[in-house]
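Record features (Swiss-Prot):
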BINDING   10-17, 23-24, Arg62, 89-92, Lys100, 116-117, 183-184  substrate binding site
ACT_SITE  His11  active site, tele-phosphohistidine intermediate
ACT_SITE  Glu89  active site, proton donor/acceptor
SITE      His182  site 'Transition state stabilizer'
Amino acid sequence: MSNGKLILLRHGQSQWNSTNQFTGWVDVDLTEKGEAEAKRGGELIKEKGLHPEVLYTSLLRRAIRTADIALNAADRLWIPVIRDWRLNERHYGALQGLNKADTKEKYGNEKFMAWRRSYDTRPPELEDGAEYSQSDDPRYANLDSVPKTECLKDVVARFVPYFKEEILPRAQKGQTVLIAAHGNSLRALVKHLDNISDDDIAGLNIPTGIPLVYEIAEDGSVVNPGGTYLDPEAAAAGAAAVANQGSK
């Protein structure tokens with residue numbers, strides 16, 4: 001049996017990516033650039049001869065629309081789709097909606113980077129009923145409680161068990177699975193796949209719209225540690241741009 005494949009695709013540029021705002025669970029849409037990135041991601045998938053058989057994505061439109069655009073470009077729009085909140089972006093708490101550069105200037109680089117990139121430091125909580133709260137959002141009505149803030153450790157705790165139970169078995173059977181998600185939900189997954197330490201994960205940045213492919217053996221092990229970007233040059237530039245967020 002041939003190896004299975006996981007295609008990790010971070011959503012294309014969102015409206016708040018373009019304005020350098022913390023987004024989290026706020027349901028902003030793609031920009032025109034983001035739509036173009038999603039289309040190019042799908043074209044790369046097709047050009048490399050990859051054939052996704054199922055899609056997993058979040059409940060946020062920037063990931064859902066990225067997946068639709070990419071699958072259309074790859075001629076795979078017909079495949080089954082599973083949407084689950086556990087693939088959502090990290091909840092940024094009271095930082096949601098704030099400009100990153102202004103936040104860094106106000107609180108200092110050390111606190112800014114701890115909130116943004118440390119493994120287990122949560123930003124301040126977002127109060128229920130606040131402007132960017134999801135406490136009354138109908139898509140989360142079945143949750144016992146909606147997060148008020150999260151660190152990356154929290155994202156690992158909600159996403160990785162779901163991945164092991166629902167997604168990994170498909171890859172172990174040789175399937176090709178597309179996972180269209182977010183910077184931090186994908187960082188959580190890559191941390192697990194590559195066994196990255198809690199300290200080192202701070203240095204990992206996922207670029208928008210560029211597919212990252214992992215080959216998975218029948219026993220669930222990763223055949224190509226670190227994964228393979230379908231456009232390495234663009235991925236390096238994109239990751240550097242993500243790392244530089246917070247600058248004016």
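Just so you know, glycine gets a Cβ as well, placed from its N, Cα and C.
Small disclaimer: the values here were computed from a predicted structure and weren't measured.
All features noted in Swiss-Prot, drawn onto the structure.
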residue	record	DSSP class
Arg10	substrate binding site	strand
Trp16	substrate binding site	helix
Gly24	substrate binding site	coil
Glu89	active site, proton donor/acceptor	coil
Lys100	substrate binding site	helix
His182	site 'Transition state stabilizer'	coil
Near the residue listed as 'active site, proton donor/acceptor' in space, meaning Cα within 10 angstroms, which of the recorded positions do we find among Trp16, Gly24, Lys100, His182, Gly183?
Gly24, His182, Gly183
What is the number of other Cβ atoms found within 10 Å of the Cβ of Arg90 (substrate binding site)?
28
Is it possible to get the count of other C-beta atoms within 10 angstroms of the C-beta of Glu89 (active site, proton donor/acceptor)?
26
Provide the number of Cβ atoms within 10 Å of the Cβ of His11 (active site, tele-phosphohistidine intermediate), excluding the reference atom itself.
31
Lys100 (substrate binding site), number of other Cβ atoms within 10 Å:
19
Tell me, which binding-site residues from Arg10, Trp16, Gly24, Lys100 are within 10 Å of His182 (site 'Transition state stabilizer') if we use the C-alpha atoms?
Arg10, Gly24
Could you state the whole-number distance in Å separating the C-alpha atoms of the residue listed as 'active site, tele-phosphohistidine intermediate' and Gly183 (substrate binding site)?
8
